[in-house]
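Presented below is the structure to which this report refers.
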Amino acid sequence: MEVKPPPGRPQPDSGRRRRRRGEEGHDPKEPEQLRKLFIGGLSFETTDDSLREHFEKWGTLTDCVVMRDPQTKRSRGFGFVTYSCVEEVDAAMCARPHKVDGRVVEPKRAVSREDSVKPGAHLTVKKIFVGGIKEDTEEYNLRDYFEKYGKIETIEVMEDRQSGKKRGFAFVTFDDHDTVDKIVVQKYHTINGHNCEVKKALSKQEMQSAGSQRGRGGGSGNFMGRGGNFGGGGGNFGRGGNFGGRGGYGGGGGGSRGSYGGGDGGYNGFGGDGGNYGGGPGYSSRGGYGGGGPGYGNQGGGYGGGGGYDGYNEGGNFGGGNYGGGGNYNDFGNYSGQQQSNYGPMKGGSFGGRSSGSPYGGGYGSGGGSGGYGSRRF
């Protein structure tokens, strides 16, 4: 005879969730940013309710919103869902692809306002750059640390071709871009007892791609949606001093010598000419990521200037002139330079403009001004 549980008895899963969360419905140890997903490519018919109905299958949502034009109230083609814990975010990402209201959508880990200005912040890549690793750090140390995030395909600990000495950085490739997104959204990484800088590894083509997204539509700037995408109307990924445009990341003539891809500064002074990991020829040749010219940690102002990456957190900062000059990039996210929210003295303002005071501000494809995720103001 089947014994049914008494009415109202919590199921094991829901009980576990309650124990894991605080009184407010989420684990207080997990920042909201880590529990939030950006959902791109939404149908214009999708509402807050239909978005919630779909994504709450993988956990309890503490927030769900479809972003709309403040005047017309028309959907901008993207939204955000916030779960009660990171475990539920992982479950939703493992369930890809997602279809909402008959349309396949693109969920990604939400990028904070401060991180959205970094080159390639919204690009989909499967490789990370790991800087600041010491001589005693071996491949197995990197594998032991990063395999908890996802399946690793390759690990490359870069060495000097002639001496065989480690050059202080490595590349790790995963089988899923979401693993990379999850890693880079976490600010601090301690590997083999050393603080390390971890960011997306972008090729020259991917750096250029971050700037080339600007032309697909000129409206108010959806993320991969209709009417604007990553760029367009003056002040998004590409124009007016932002990703790839004049005075912006990877643009010609901006970025201050030594900032992300500006003019001949390369990738924050990793090298010259071009904006890949420091220069035309590639990782290890002249001007490259740690090459014989102004590379990573060599003389001439590479990653950390003359002192190399060892200057990290010890007053050396990144690139001799910091992130493009004019200030310090502290604690992986707070820029204390001369310009508002800029990584150095670049024209045209920071990506997304000034803070909108909104939890959704400062990200994907601002329409200029006080922009956030595709909007001037919320």
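Any Cβ shown, glycine's included, is placed from N, Cα and C.
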Based on what Swiss-Prot says, identify which of LYS134, LYS165, LYS347 is the SUMO2 cross-link one. LYS134
Going by what Swiss-Prot says, which of ARG76, ARG109, ARG143 is noted as omega-N-methylarginine? ARG76
Which listed span Swiss-Prot calls region 'Disordered', if the choices are 293-335, 336-378: 336-378
Range annotated region 'Disordered' in Swiss-Prot (choices 204-225, 226-247, 248-269) is 204-225
The candidate from ARG52, ARG103, ARG113 that Swiss-Prot records as dimethylated arginine is ARG52
Find the average pLDDT over the domain 'RRM 2' (126-205) in the predicted model and report it. 95
Return one of helix, strand or coil for SER112 (phosphoserine), based on DSSP. coil
Report the nearest neighbour of LYS151 (SUMO2 cross-link) in space among the recorded positions SER112, LYS134, LYS182, comparing Cα positions. LYS182
Whole-number Å value for how far LYS134 (SUMO2 cross-link) lies from LYS36 (SUMO2 cross-link) (Cα to Cα): 33
Where the distance is taken from Cα to Cα, which of the recorded positions SER112, LYS118, LYS134 turns out closest to LYS182 (SUMO2 cross-link)? SER112
